[in-house]
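Notes follow once the structure below has been shown.
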Amino acid sequence: MSTFPHAVNDSATMLRRNLRHLRRYPAMVMMSLGVPIVMLLLFVGVFGSAMGAGVTGAVHDGDYIDYLVPGIVLMTAGYGSQSTALAVNRDMTEGIIARFRTMPVFRASVLVGHVGAAVIRTVASAVLVVLVALLLGFRPAADPVGWLAAAGLLVLLVLALTWLAVAIGLAARNAEGTSGFVLVVQVLPFLSSAFVPPDSMSGPVRWFAANEPFTPVIDTLRGLLAGTPVGGSAAVAVAWCVGLAVVGYLWARALFRRDPVR
Amino acid sequence: MSTHAVADSATMLRRQLRHMKRYPSLTFMLAGMPVVFLLLFAFVLGGALGAGIGGPTGGRAEYIDYLVPGVLLMTVASAAQGTAISVAMDMTEGIVNRFRTMAISRASVLTGHVLGSLVQTMISMAIVLAVALLIGFRPDATPVEWLAVIGVLALLTFALVWLSVALGLVSESVETASNLPMPLVLLPFLGSGFVPTDSMPAGLRWFAEYQPFTPVIETLRGLLLGTPIGGSGYLAVGWCVVIALGGYLWAKKLYARTR
């Protein structure tokens with residue numbers, strides 16, 4: 001019953017189900033795309049000149065938009081995971097999972113379907129955000145290898161955040177219960193090197209920004225896209241992503257295995 | 001009849017104030033978002049923006065002084081959003097229909113909302129101002145200038161509350177009512193609230209210079225920091241009166257129609 005081809009087949013079916021949801025309810029995609037694009041327009045159009053003048057040392061005479069885009073891409077990943085938490089929670093609370101459990105379906109395929117769809121959706125959103133950034137004047141200096149590495153890191157981050165989101169969606173009793181995760185995902189990019197270098201921040205905030213998980217990811221993406229050396233931040237970024245992905249996966253698996261008490 | 005209207009409005013105001021007392025979290029929620037933005041722009045982005053917009057010292061402390069008037073306006077705008085939601089709730093939950101069957105002044109329901117929101121917004125602004133003072137905001141205003149600041153903020157609140165009452169009445173649902181006033185929350189960003197308008201690109205600069213919030217922000221900044229206001233004081237009052245009148249007439253028209 002739980003042979004590998006069977007598991008792959010069921011996961012593909014669940015992935016199709018989630019992709020169909022995306023097609024039927026594009027509003028969700030628009031929301032997770034909308035906020036990062038608004039932020040991009042706001043920070044480039046409204047604050048760009050003042051910010052650029054304030055962070056010149058960090059930008060190395062480049063445009064502020066070149067400094068900003070990696071953070072906005074990360075924000076896109078964050079907002080994408082928010083939709084996943086809500087979608088998983090809706091499945092849990094509306095009883096569809098209970099129905100799937102009565103069928104001869106590979107149990108984990110429901111979660112794999114959610115994760116697969118989230119990765120596809122978020123990477124597509126990130127591509128659109130980068131296209132908007134290019135229209136606004138973003139000029140990356142990355143070579144093909146740099147682009148591939150940046151894409152790989154982004155997928156790794158999306159996987160990590162998505163598994164965490166799946167776990168949160170399973171743990172929450174209702175949609176409101178996911179709001180804590182949503183808040184963290186919304187606030188963390190601001191308290192990182194996404195918009196300004198941590199050394200321009202005040203004491204405790206600077207310490208937090210320098211040591212939180214999003215900062216090494218952003219710095220690595222920035223280095224890869226700008227074609228500059230990334231130093232030790234790449235290893236730290238990958239470690240954070242793998243760590244978060246493993247924690248999210250194990251937590252989600254444990255929650256999904258327990259009997260539904262809803 | 002007019003004393004009857006005043007008494008009914010006072011009753012409706014009491015109803016709104018009782019709501020405030022029962023759900024104090026709402027007032028803190030209204031102050032919450034502006035406080036978060038204040039802390040974010042002061043401690044996270046303040047160093048870079050302070051250096052970017054120049055000024056004598058060009059640091060975080062100076063930027064906090066620059067920032068506060070814009071955040072106060074944001075408080076008014078988010079309070080307007082709260083008003084639209086509470087009006088829409090009253091309209092959709094049928095309580096207004098019940099009031100209409102009673103021998104009470106029709107307009108008193110709206111007047112109660114407006115005055116209640118005015119009180120709530122002033123409390124929220126006091127919270128925001130207290131946080132600003134705690135994190136290093138140092139105004140140079142004289143007592144007369146403080147009175148003028150309170151007057152301008154009250155006038156703006158009055159104007160935006162009437163507008164949001166109309167937005168609440170025009171909304172078919174509470175969700176719509178929460179989304180319609182969203183542009184008001186964005187306006188301080190697209191004005192001189194966070195950065196000077198001359199640092200913006202051409203088209204945006206033009207919009208930022210001529211939109212209603214910019215003269216209000218400049219007036220508040222001038223009054224609080226003792227800098228010259230120029231003609232922005234008259235413009236600010238003019239905009240507030242126009243918005244208040246427009247909002248009031250629109251709300252009156254919407255409320256008069258039967259649901």
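Glycine is treated like the rest: Cβ placed from N, Cα and C.
As annotated by TrEMBL, domain 'ABC transmembrane type-2' applies to B:25-258.
Remote same-chain partners of the transmembrane segment (B:66-89), defined as residues 6 or more beyond its termini with a Cβ less than 8 Å from a stretch Cβ, comprise 19, 26, 29-31, 33-34, 37-38, 41-42, 46, 50, 53, 55, 110, 113-114, 117, 120-121, 124-125, 128-129, 132, 137, 139, 153, 156-157, 160-161, 163-165, 167-169, 171, 173-174, 176-178, 180-182, 184-185, 187-188, 191-194, 213, 216-217, 220-221, 224. The feature transmembrane segment is assigned by TrEMBL to B:66-89 (among others).
If you look up TrEMBL, you'll see B:110-135 (among others) marked as transmembrane segment.
Among the features that TrEMBL reports, transmembrane segment is placed at B:147-170 (among others).
Within the chain carrying the transmembrane segment (B:177-195), a Cβ under 8 angstroms from the stretch's Cβ atoms is held by residues 41, 49, 52-53, 67, 69-71, 73-74, 77-78, 80-81, 84-85, 87-89, 160, 163-164, 167-168, 170-171, 204, 207-208, 211-214, 217-218, 221, all 6 or more beyond its ends. Among the features that TrEMBL reports, transmembrane segment is placed at B:177-195 (among others).
Per TrEMBL, the feature transmembrane segment maps to B:233-251 (among others). Listed by sequence, the residues of this chain that lie at least six past the ends of the transmembrane segment (B:233-251) yet keep a Cβ under 8 A from its Cβ atoms are 110, 152, 155-156, 158-166, 169, 212, 215-216, 218-219, 222.
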- Message: What residues elsewhere in the chain lie close to the transmembrane segment (B:147-170), defined as a C-beta under 8 angstroms and at least 6 residues from its ends?
- Response: 72-73, 76-77, 79-81, 83-88, 91, 110, 113-114, 117-118, 121-122, 125, 141, 177, 180-181, 184, 216, 219-220, 223-224, 236-237, 239-241, 243-244, 246-248, 250-251, 254-255
